[in-house]
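These come from TrEMBL:
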BINDING   Gly173, Gly175, Lys176, Thr177  ATP binding site
COMPBIAS  89-106  compositional bias 'Low complexity'
DOMAIN    162-293  domain 'AAA+ ATPase'
DOMAIN    373-442  domain 'Chromosomal replication initiator DnaA C-terminal'
REGION    1-91  region 'Domain I, interacts with DnaA modulators'
REGION    89-131  region 'Disordered'
REGION    129-345  region 'Domain III, AAA+ region'
REGION    346-465  region 'Domain IV, binds dsDNA'
Amino acid sequence: MMQIDTLWPHCLNELQQNLGASQFNIWIKPLTAQMIDETLVIAVPNQIFLQFIRDRYLGMIEMAAAKLCNGVPPPIELKVGQMAAPAPRMAAPAASSPATASGEPAQSAAPVKQSKRFDASGASHETTRLNPSHSFDALVTGKANQVARAAAMQVAENPGVSYNPLFVYGGVGLGKTHLIQAIGNFVHQHNPQAKIRYIHAEKYVQDVVKAYQHKSFDEFKRYYHSLDLLLVDDIQFFVGKDRTQEEFFYLFNALLESGKQIILTSDKIPREIDGLQERLTSRFSWGLIVPIEPPETEMRVAILLKKAEAEHFKLDANVAFFMAKNIRSNVRELEGALKRVLAYVRFTNQPITVESAKEALRDILASGNRQVSVENIQKTVADFYKIKVADMHSKKRTRDIARPRQMAMTLTKELTQMSLPAIGDAFGGRDHTTVLHACRTIEEFRKNDSEMAHQYSVLLQMLRS
Ligand SMILES: Nc1ncnc2c1ncn2[C@@H]1O[C@H](COP(=O)(O)OP(=O)(O)OP(=O)(O)O)[C@@H](O)[C@H]1O
């Protein structure tokens, strides 16, 4: 009978030679194995692993086992959990660990842990990385983020393989950072050895500047090129930073070539980021680009209820609805409002009612309820589409002018109390049926054209904030 002490290390060796270090570390290293009644039983950490190993690696494991068993491998069984007896868990040979191979001190991306990071001055100092509360579980899912969440989950389960890079875009405070950190936390949980770096783009720019000042680009490169998962937030901060863009271009190529995962966020899709080098714009579009939209009312309610629960507060549904209806700009504002309501209630010792919420949020509501003027809408939309404000009133009917004008009319209908005839007047004396037609056209576009739907929600967010 084949001994597990021989068989499993042999399988691991074979797999390690056939897979990249990151795939091996993420998917194979956490496995433990045992021979039970001449069956090779492999324990996997969870259901996701089970499915993934079965679909992707079981064939390879069988082949590896067959090599050692004269072409006839033992039956193989996968199960979720840990082995009862001391499992013959194999650590990968040290040389394969990306952490040690890099020459960096071996480190994990332990979310709560403080760890050393690159510092081009040579002195290492402490910095936090992933926020452990940014998990998939804590993220409320709705229409606004379901595509982004599904893509993120797929990348987390399968880093470096499915979508690379994953590019998440959306307005401020809508949960981009939360989502990408959830990927980081997930990968860390399943593979504590993976070298993960979350960084804000501005911080990366600073790292480049320091490397430049201290002539320590080799060290800089060694560190960044050794990562298994790189998360860069708010990539629009690279605009106008040519040296940074150049360094990032090389880093991007190196990581992708070695099957490492890159995840980026921005407020816009790559080709709309003015001032980004074409070679980066095109590379950022290689993988998958997914939007996060502002959440609709029901999702805002769900977020409030979940955040209150996390604070051990039972928020009355009426209060949650009241807040969600009145605070519409973004999730960060919503969180801020909830904190204020909770603080107010704790301080005054009153139960949370719509009345006490109103009182606690008086100034926020006052500023939020200020009317947006039609002039403001016309200016904002004209700037957004890079046309003249005068075109909002003109008779021009070319699509590049007519479409923004229809967008502005629709937003005026949504954000002001103006009647259709009044809106028509404000847009160069047009008939109210033209306004109605504009609103219907934009509504159709929002249903069928994701780009247009996104532009609408960005403008709405800009005008409401
Ligand atoms: N769907 C959601 N469910 C639960 N919490 C959310 C959700 N979306 C956002 N949040 C919370 O809202 C806050 C703001 O989110 P986050 O910082 O991720 O936004 P962002 O899009 O990265 O903003 P910025 O563009 O300013 O960097 C965070 O505390 C986050 O946890």
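Yeah, the Cβs are placed from backbone N, Cα and C, and that goes for glycine too.
Taking all protein chains in view, 19 other C-beta atoms sit within 10 angstroms of the C-beta of Thr177 (ATP binding site). Around Gly175 (ATP binding site), a 10 Å sphere centred on its CB holds 23 further CB atoms from the protein chains shown. The Cβ of Lys176 (ATP binding site) has 23 other Cβ atoms within 10 Å, all protein chains considered.
Secondary structure from DSSP puts Gly175 (ATP binding site) in coil. Within 10 Å of the C-beta of Gly173 (ATP binding site) there are 19 other C-beta atoms, taking all protein chains into account. Helix, strand and coil content of the region 'Domain I, interacts with DnaA modulators' (1-91), in residues and according to DSSP, is 45 helix, 16 strand, 30 coil. Compute the center of the Cβ atoms of Gly173, Gly175, Lys176, Thr177, which mark the site for ATP; besides them, the chain residues with Cβ within 8 Å of that center are Gly170, Val172, Leu174, His178, Leu179, Thr265, Ile292, Val331, Arg332. For the region 'Domain III, AAA+ region' (129-345), the mean pLDDT of the prediction comes to 92.
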